[in-house]
Amino acid sequence: MPLHLSPCSLQFSSTPIPTLKSTRPTSSGPHLCLPRKPNSSTVRAPTRPRRKTGSMAEKRTETGELVRVVLRNFDDKRPLVSTLSKYVKVVRVEHCFLLFEELGKSDKWLQCLEIIIIIWFVSRGLAANLKWMQKQRWYIADNGVYSKLISVMGKKGQTRMAMWLFSEMRNSGCRPDTSVYNALITAHLHSRDKSRALDKAIGYFDKMKGMEKCRPNIVTYNILLRAFAQARNVDKVVTLFKDLDESIVSPDIFTFNGVMDAYGKNGMIREMESVLSRMKSNQCKPDVITFNLLIDAYGKKQEFEKMEQVFKSLLRSKEKPTLPTFNSMITNYGKARLREKAELVFKRMNEMGYTPSFITYECMIMMYGYCDCVSKARGIFDGIMASGQETRVSTLNAMLDVYCMNGLQIEADTMFESSRNTRVSSDSSTYKLLYKAYTKANMKELLKKLLAQMDKDGVIPNKRFFLDALGAFGSSTATKVG
């Protein structure tokens, strides 16, 4: 009997996690049962004395508290340097790093630049005229400092600043090592132009091989394997994996996950299972990421027996399912139009005490869209709106996509218009979605109306915007001719 979900049923109860029997799966597929933990009575007591962690924890707390005080005591009218002068006797290098990260999270790049300039001046002994810099005798520029700064800049997409730091590091006399090059590769991979970033990354990788102090380590390989896996470039993943085999570096769990992810994303199930067997033969235990990527790969290929078997193995292991575990199963059941199974996954997630994220709700909305249950999808969307929770633009896009995939472009237009009067704000992704849908359905009036609204809102489409739309129009024309 199918499970009917109403907006009210989306509220989770506090049901405890059920106890699961440890039975071996009977269906075919990879077995991911992990070895049991040894009995506590047979475990020997450690001979090395334990470290005292209390002092370290207290130090981290004090560091964080000082940084919070500094952040509260500066603004546009009071320069950061003058604020730091008040705390000159207690500020150390760890405070600078944490302050740098916190400023980056708030996109306060002018203040971040101040921190970099302070560190740069101090490292070169050019701070004679600034009281704050004069008293900072504790700082010595080294690879760790530059590696940290390059990493932080890369995470925020500031590739040029990362390159400037790398150049300045070499000019100051520091010789880059493997960690610095790893940070630089990662910084490039955060840029928008992924194709160019991957070319740059491979260039640095090849350069590292020829330098004694900068030879690629397992972190280097894992960064590149993950990047090429996400780009679905299986050939490059295979080449890197082979290169790793020929080196003195040993693969770890992150390496195997990166290679399996590349195969899984490209539907190469047999190759993925081969890497899984090799991982197990290397005595490398699967983690939750391993389970999740296997579940996702089997689900996308609609090999649901294997997917369910991996899920059972996950429940028996010491790992615990995460929200992406359930989200993947819901989405893949939905694409196969197995609505009842998707609803049972959501129900079980509820019973195990998990709280759905906005992504989970979007997966449910899309699942109902694939299964032609538009009213149920709208019920979830209305429930989110009525709950008072923040409604993201991706959630609005999911509901609009459901309308469009079911041939309800007029309803999508009505909802788009009404959303403009609510707290949900659309962005360029919303316009792109509707433009493609209206173009594919040859809805000229709606298209004209949408373009007028884009012009009014100052949304300027780029080249990719129109290429995608032309692709949708081409597929629509081919369907009609066929």
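The backbone N, Cα and C atoms fix where each Cβ goes, and this holds for glycine too.
TrEMBL labels come from automatic prediction, so no person has curated them.
Going by TrEMBL, these are the annotated features:
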type	residues	note
COMPBIAS	16-29	compositional bias 'Polar residues'
REGION	16-60	region 'Disordered'
REPEAT	142-176	repeat 'PPR'
REPEAT	217-251	repeat 'PPR'
REPEAT	252-286	repeat 'PPR'
REPEAT	287-321	repeat 'PPR'
REPEAT	322-356	repeat 'PPR'
REPEAT	427-461	repeat 'PPR'
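For the repeat 'PPR' (322-356), the DSSP-based tally of helix, strand and coil residues reads 26 helix, 0 strand, 9 coil. Across all of the repeat 'PPR' (427-461), the predicted model scores a mean pLDDT of 88. Panel annotation: around the repeat 'PPR' (217-251), residues 178-179, 181-182, 185-186, 189, 194, 197-198, 201-202, 205, 208, 258-259, 261-263, 265-266, 268, 282, 284 of the same chain, lying at least six beyond its termini, place a Cβ under 8 Å from a Cβ of the stretch. In the repeat 'PPR' (142-176), helix, strand and coil residues by DSSP number 26 helix, 0 strand, 9 coil. According to DSSP, the repeat 'PPR' (287-321) comprises 26 helix, 0 strand, 9 coil.
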